[in-house]
Amino acid sequence: MVACDLLWLAAASCLLTLVFPSTTHQGYGNPRNTSNVDLDCGAPGSSSAGICFDPCQNHTVLNDPSRSTENTVSSEECDSHLRGWYRFVGDGGVKMPETCVNVYRCHTYAPMWLSGSHPILGDGIVNRTACANWNENCCFWSSEVQVKACLGESGEYHVYKLQGTPECSLRYCTDPSTAPKKCEIACRPEEECVFQNNSWTCVCRQDLNVSDTLSLQPLLDCGANEIKVKLDKCLLGGLGFKEDIITYLNDRNCRGTMKDEPNNWVSTTSPVVANDCGNILENNGTQAIYRNTLSLATDFIIRDFLVNVNFQCAYPLDMNVSLQTALQPIVSSLNVDVGGAGEFTVTMALFQDQSYTHPYEGSKVLLPVENILYVGALLNRGDTSRFKLLLTNCYATPSGDRNDIVKYFIIRNRCPNQRDSTINVEENGVSSESRFSVQMFMFAGNYDLVFLHCEVYLCDSTTEQCQPSCSTSRLRSSEPAIDLTRVLDIGPITKKSVQNPDTSNGTPRNTGFLLAWPTFFLPVFLAWLF
């Protein structure tokens, strides 16, 4: 027994027993060698022979991620200077690898690994061989090391007594799978953080068992053209679903499989179109709400296991949705064929206010006196990202004949009639929608009705200037040549008599526009005024 220094071992009652190693481990198949040494003491016969210490408390920390076996950067780094007790920490790993490491890893030429298993708590200091891989020999060089398992505040760790390296460039490696768990995002309760494919990531727990389908709450991405429904892949696995999940919407013809998404989610999509795939569209006055049900099955043949997930997306009410949800909107539609670009559908409707979300309904529009009429048109089929809707000419006639010689132009040659201060063109030639408003009127003479007609043009924004530039000279241009095959017609619009306030056919649902009608009209003058 070696004498113990009183300053070091008073509390331990000098119960130290040293068993010096007598076995040299060759190759990389050595068995566990437990020496039951807890403290490291100076070499016998040296001046420090009586000085002993616990390497768990006295060591040098090495925090160097480049030691990771996943580091393939070649370098001449060498550990010939490392002598003493060391602890590996950091993202590169906290333990030496226990299997052969490929050459040119760990930021060196010949990487060193631990031949044998690591000790566990209570084993004390054990002897191992560190091997360096080179020249197709996993233990071309070797060096004796000592290892001890320690217990700290953060858990178990290991310390290593290194004796430099037999040659350069050799370096001690670390196993990145032993690095502290460091997933970039917090794992959900149904996940666990593991080292996989050379990085830390959240994966589904293998022991997950889910019985409550209510926990399967979808994440929704309410896009402009489609609704993406995302479900937790881990929870689906806990319910018994495998990789291939068959999906159905309300319309059983809309079926497919879930697609993988990042972070253990799977998804499917539904179009944002009324009635498509069984979509149910509701209008609550301020929002358009699309509802559907996603059904999940494990196979195309269903016997006893089907999960239904209800979902809905709410959108701000717009012109298109308001027309889809109106019972009997007053609209006019036209199919326009653009060579090489397909067929487009243009729709025009009359609206009650500047929100363009409350269309007039019925067979005709019966207006209060001096009401402002709001006219909206939109492309609802075709490539709206490329083509913009442009109203080239909009005019009123006292008859339903779009070629009536009596015309009052509201928009002429793409520009508003600036002699009529009530005309306001809010949008034209800049998107898939066009909007304008005008204070309504009646033609003088024996005319009780007003009809609106608009010539439309689909402007290719990639080759044309679509937004009108309205100069004074252009406003005074000659009579436009109108392509009657591209004209939308809407009407009739008639004056609502003050003496007949109960008339409801075609009136807006929200009344309260009681102004004064113009009292002087001259049809011929109006026809040539602009």
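Note: Cβ is positioned from N, Cα and C throughout, glycine not excepted.
In the disulfide annotation of Swiss-Prot, Cys234 is paired with Cys204 out of the candidates Cys204, Cys222, Cys254. Between Cys56 and the candidates Cys139, Cys150, Cys168, Swiss-Prot records the disulphide pairing with Cys150. Given the ranges 16-24, 178-186, 484-492, the record in Swiss-Prot names 484-492 as region 'External hydrophobic patch (EHP)'. Within the set Cys100, Cys173, Cys187, Cys193, Swiss-Prot assigns Cys100 as the partner of Cys138, by disulphide bond. Note on Swiss-Prot: of 75-98, 315-338, the range annotated with the feature region 'Flexible ZP-N/ZP-C linker' is 315-338. Per Swiss-Prot, the residue from Cys222, Cys277 that shares a disulphide bond with Cys254 is Cys277.
Secondary structure at Cys470 (disulfide bond), as computed by DSSP, is coil. Taken through DSSP, the region 'Flexible ZP-N/ZP-C linker' (315-338) splits into 7 helix, 11 strand, 6 coil. Asn209 (N-linked glycosylation site) carries neither a helix nor a strand DSSP state and counts as coil. Cys56 (disulfide bond) sits 13 Å from Cys41 (disulfide bond), counting Cα to Cα.
Closest in space to Cys106 (disulfide bond), of the disulfide-bonded residues given as Cys277, Cys394, Cys459, is Cys277, taking the CA atom of each residue.
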